[in-house]
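Peer 1: The structure under discussion is supplied below as structure tokens; questions concerning it will follow.
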Amino acid sequence: MTIRYPNGKRYNQALQPQKTKMKKHTYGNRGMSLEEELNETNQYYLSHNIACVHKKPTPLQIVKVDYPARSAAVVREAYFKQPSTTDYNGVYKGKYIDFEAKETKNKTNFPLQNFHLHQIEHMKQVIAHDGIAFVIIKFTLYNEIYLLDAKHVISFWNRKDTGGRKSITKQEIEEHGSLLSCGYHPRIDYISILDMVYFS
């Protein structure tokens, strides 16, 4: 399937053979991706009436569809309707929350190239309208997950734009962010950090 951005450029996804993974059924479930862990966490928060947070769908314009069988449709070409903003949004304690989730295999830093300008602008707008914007970053080699307020991400982005570092060091994330605790339910307890940082 061919997917294109609004400007007509082709979206190139790394084409690798799909491997069937057996999920580990351990307490930490280290085989789970950050997105899967957050989706499970958000489902827990919703089912226990703690918060209402959902993953935003990526808006696609489908252009070409093949029907190899009557009951099957295969999308062959699609375009991104518009640049996506952040991954998740919702409401907690009457406040709008909006966040991006990112993973890195780097040991010592998080590359700012993992963000796009429109995501930074979106986070600025959320803050300007008194919403809560942040980023959840997972260092997969350490299995450590941090919550970093968007104002810090914006500051590091501005530093990059003025000729500074093109990444956020792990030390800076540890200093300005909060280490999230991981467990069974909720899997990634970011709400307890929101309580400490934004509601105390």
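Just so it is clear, glycine is given a Cβ too, placed from its N, Cα and C backbone atoms.
I grabbed these lines from Swiss-Prot:
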| type | residues | note |
| --- | --- | --- |
| BINDING | T85, D87, E100, Q119 | Mg(2+) binding site |
| SITE | K102 | site 'Transition state stabilizer' |
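Looking at the shown structure, what environment does each listed feature sit in?
Peer 2: Within its own chain, T85 (Mg(2+) binding site) has K56, D98, H118, Q119, H122 as residues 6 or more apart in sequence whose C-beta sits under 8 angstroms from its own. Look at T85 (Mg(2+) binding site): DSSP puts it in coil.
The 10 Å shell around the Cβ of K102 (site 'Transition state stabilizer') contains 15 further Cβ atoms across the protein chains shown.
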Peer 1: Applying a 10 Å Cβ distance cut-off over all chains shown, what neighbour count does Q119 (Mg(2+) binding site) have?
Peer 2: 21
Peer 1: Which one, from the binding-site residues D87, E100, has the smallest tally of other C-beta atoms lying within 10 Å of its C-beta?
Peer 2: D87
Peer 1: Can you name every residue in this chain, apart from T85, D87, E100, Q119, with its Cβ inside 8 Å of the center of the Cβ atoms of the recorded Mg(2+) site?
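Peer 2: Result: K56, S84, T86, Y88, D98, F99, H122, M123.
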Peer 1: Where does Q119 (Mg(2+) binding site) sit in the DSSP three-state scheme?
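Peer 2: The three-state answer is helix.
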